[in-house]
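Notes follow the structure.
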Amino acid sequence: MAVPTPRPARAMEPLAASRRPGFDLRAVLQTSQTARALAALVVLLVYNVLFTTNFVSLGTFNANLTQVATIVIVAVGMTFVIATGGVDLSVGSLMAVSGVLAPLFLVSGGQFGAPWVGLVLAFTVPVAVTALFGLFNGTLVTKVGLQPIIATLVLFLAGRGIAQVIVNGELREFRNLGSPLVPGFEFIGLGGIAGVRFQILIMAVVVAVAAWALRATVFGRYVLATGGNEAASRLAGVPIQKVKLTVYTISGLLAGIAGLIVVAINRSSDPHRVGELMELDAIAAVAVGGTPLSGGRATILGTLLGALIIQLLRFTLISHNISDGVARIVIAAVIVVAVLLQRQRTS
Amino acid sequence: MSTSSLSVGYGEYQEDVRARGRVVAAIQRQGALVALVALVVFGVVRYGANFSAPYNVFTAFLTSNSYFMVIALGMAFVIMTGGIDLSVGSVAAMAAVAAARLSPQGILPALLGAVAIGLAAGVINGFLIGRFRLQPFVVTLAMLLAARGMALVLSNNAPVMVDFAAGFPNLAGQAIGPVSTAPVPVPVIVSAALFLLGMVLLNLTRFGRHVLAIGGNEEAARLAGLPIARTLVVVYAMSGALAGLAGAFLAAISYSGAPTGGLGWELSAIAAVVVGGTLLTGGVGSVGGTLAGVLLLGLIFNVLNFERGFGTFEINPFWENVIRGVFLLIVVVFQSRLARRLGVRSG
Amino acid sequence: MTHLDADPPLLEMDGVVKTFPGVLALDEASLRVGRGEVHAVVGQNGAGKSTLMKILNGAYRRDGGSVTFDGRPVDFGSTQEAQLAGVSTIFQEINLVPYRSVAENVFMGREPRRFGLINWSRMNREAWEILSRMGVSVDPRRPLGELNIALQQMVAIARAVSFDTKLVIMDEPTSSLDDREVETLFGVIRELKGRGVSVVFITHRLDELYAVCDRVTIMRDGKTVAAREMGEVGKLELVALMLGKEVGEVRRSGATGFGRRTAQADGLPVVELHDAALAPRLHDADLAVRPGEIVGLAGLLGSGRSEVARIVFGADAPEGGEMEVNGKPAKLRSPRDAIREGFGFLAEDRKADGIVPYMSVRENLTLAALPTLAKNGVVDRKRQDEIVDRFISRLGIKTAGPEQTIRELSGGNQQKVLLARWLCLNPKLLLLDEPTRGIDVGAKAEIQGLIDELADAGLGVLMISSEIEEITEGSDRVVVLRDGKTVAEFGRDEISQDAVMTAMAHGEGERVGIAAHAGGGPIADPATVTAEGR
């Protein structure tokens, strides 16, 4: 206990830390899991380049990324939710809601005065509705205090029901090609810029914005702090409830966008099929990408990698004549292994 | 760290709160049964003989709900431990395909095969959850995918017709061997017997009480030396086996094993369990209540059918999922209030 | 210790050593408990009481020393093993299943069966018998959660007794009980004693020791420093032993990093609290903190110290009383409100309420400051880095760099980061709950010196501490809480270890009027500070 009375000197250690301005690959790969995911993706790519015929082509590129785009968009929202320690099971059903809403404005576009009004409404209303549903999920989690699994199970169930009720359970087909000057609704699913499908661009923008937001904005830091230590974050002035409401709203909004893309690709909206099993694909992408399901840490890039791995795995299996059924089993096993690896790392 | 402020109260005020809590708890436990009786009375009065006719009771109503009955029974035990099993619908589909494939061998091999394949899926779930401590929702979501994949593999991607010659469809008939059970179909008898068994298991065996203790306070159960991992493995194995049985019924009733069958069953089962008074957070549950819950949800749709027949209103059948979702919402909100009143930290 | 010699004691723990990575938790600790004896174990936080108990009940394995129980050397590998051998533990947080019935909780894992099925009538009857033998009347079929905490504790004890227990460890069993409930518990303890069952009783409330215990073992810094007959030790002596001070000894310098404070604090209090209450611990707390002064908040554990800080910071809503900020009535609904008023709060439990473990030093340091560091919601990374660099060097935080995750830092450096979290906001008031707990000596002195400096610069500081030197040397004023009430207040010239310890133990001493003395008896004459136990 005998400590000298003189005030301790404040001569400080020289700062060992190096500043790292701008983009930093090491920070991106800070979780070994993300590095592992990247390695897995590279292995899959190399394997396919070597052993899959016609793998290196714009067609294959577009086909795979088209498949993966909606999953990635939804999985980005899921990453935010999981980062706060929650989960959103309702995303697939919300995709169906947005998917069946959009054509309603296209089919009866005339009644909105000008076709472009219908087009604008077809983009905005469904997404606004699913965002509101997301807010509803968030309210159940924060104000009512339900577990996230249960809270989002309600809309998982009712959401698809609402989609089915809206269109009476019928598949609706539509055509909205637009004009050479003003692209139609289908552009977001079938259009392209410089040979790259439009939804791939949407995906890229969503990933870029989300990755930036998670790293650089106050909101992003609050998300991770909330999932990392809720009690401590509250004492540091983090508005926990607002943060949670926001992540569920974002998840709903992104599910809405994904729903629009799916119906645009199909030129039809099927309330039973749109977004089916999407919650699983999205959670799988998040888990395989290295974001722990317990919250507090998250990597958007990892989620992108996770979705790509699963998609490429599926593509590899199928292009080597392995049946869809076996492919599903393999992917399920990959998900479990990813979660097992995570558990070992955190414990 | 600090004790829950809800758990501290004083004198009469507290007694009053506790008394009110008990009334709420009673409604929670018996609510489904009361509603069920009321609805039956309503049906008998309004629809008369058509409603109480054996055909409506046993074939139209009970048989079509027999899948949900057995699945909900397994789900009830899972939820009582505080877990969830999202794979039961897929597992039932996989088992239905297996049963159809085995149907040329006769009733017993097909039935046992279906139950065995469901059991295997359940054991895998149980090991990952009980021994490796993975989150139930992730594990069973992965199993949802894998079992669906297995169903596709076993069926070669197309529904498998049941073999009539060996008599497999008799599994859904009205006779056990030479003994006629008319007018009660076999699945109804089996379900009823299983529910009786379930009641004994829950209320009169150590296993049943340990299920509730683990769900109520896992830490306390651990300190009391209860076999937590083993209990969890058994619970998920039971759920899988019962889903397998439901698959066998499905194949026998629909004459085919379709890899796309059982969609959304997990949610109907969860809704029924919860409506029946089992807390989604675990620790409180009732087998009888679960039965009442399944029957209540089924009867609501039966009554809606009658009303549609009466031409009272034109109701879209797709309201089913919405109604289930809303029901689930009301019940879980009610439950979370109750849990708080009992001073239990939920979730 | 004479009466133990006649009969070999039930429990003898000798020279018990336990180390955790980097920490010597028990340093040759010993404990002897006779048959049918109620034995208190007291000590400050970190004294090693819990570790010793966990070795006794099988939760931990010891690294050295011997344990003899009931005449045999033992080394329990699990709590179940200890329970079967006759050592049961009643945890502070009741570890039972609230939804299950009283009887089920008593017999969990050993339910009586007949033909393989549970024999409910026998289980209920036996549970009822055990409880009524303890003098507790409760329907064994009722769900445990419906009972009040005291009754739940009785059920936990009944469970212990049903194992044919010889020794019951009660770890702070009274921490969430009211007076009436405590009496019921004491009745049960006396009843157990009457049947020859020994009880090891851990509490921070001194009155309870005298009410129910026969003997007391005092621990400090992982060592057993004394074992006495309860009747032979005075309260003040007990407190002195716990704190490691001689009665009457007053050391005014050399123990802490605090300098001699001279600055005069004046002006309107930054915060003022009147009759604040928060069940179950806090009833009647009054205090005020002025700019530029360090107010020490002293009191034994469980006296309501942390509750005061949490109320001031808006983390818990008080159930009674008023609060003023800068002389105006104020109601802080959340920590966010408090931060806007310029308050900062260093919570007692660094791990649970302080650090966000997987975030970097930079993120943790600026977590509270994020809104001020952002332009349109985007963190201004340049300013953030400037601040982080400044505080890392200003506070001498030893880290590989600002990007290192905080959980990799030592306790002292984590604490400095958390302190910096508030300092970078230029706060007006800092609430420090055990700011130097679990920190090595060097870092401790640095933090103490820093607190001094901050007050000199005009910051108001409320400092909670279990260390008597920290309170007496660091404070301009000391407020003493006892059982949730402000019982004494000392100005700078009146602060002495004796006076503060006396007030902590007896609840007497000078109380300068912030508010009228609510309820209670007459205030003791400030001049007569007794040094004797009762």
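Cβ coordinates are placed from backbone N, Cα and C, and glycine is handled just like the others.
The feature transmembrane segment is assigned by TrEMBL to A:38-59, A:65-84, A:91-110, A:116-136, A:148-167, A:187-214, A:245-265, A:300-319, A:325-341.
Tallying C-beta pairs under 8 angstroms between the transmembrane segment (A:148-167) and each of A:91-110, A:116-136, A:300-319 places A:91-110 first. Scored by C-beta pairs under 8 angstroms, the transmembrane segment (A:300-319) has its highest count with A:325-341, from the stretches A:116-136, A:187-214, A:245-265, A:325-341. Contacts between the transmembrane segment (A:187-214) and the transmembrane segment (A:91-110): absent, as fewer than 3 C-beta pairs lie under 8 angstroms at sequence separation of six or more. Remark: the transmembrane segment (A:65-84) contacts the transmembrane segment (A:245-265), by the rule of 3 or more CB pairs under 8 A. Under 8 Å from some Cβ of the transmembrane segment (A:38-59) lie the Cβ atoms of residues 29, 195, 305, 308-309, 312-313, 315-316, 319-320, all in the same chain and six or more residues away from its ends. With a threshold of 8 Å between CB atoms, the same-chain residues lying at least 6 positions outside the transmembrane segment (A:245-265) that come near it are 66, 69-71, 73-74, 76-78, 80-81, 83-84, 86, 88, 90-92, 94-100, 102-103, 122-123, 126-135, 137-139, 141-142, 152, 185-190, 199, 202, 206, 219, 223, 274-275, 278.
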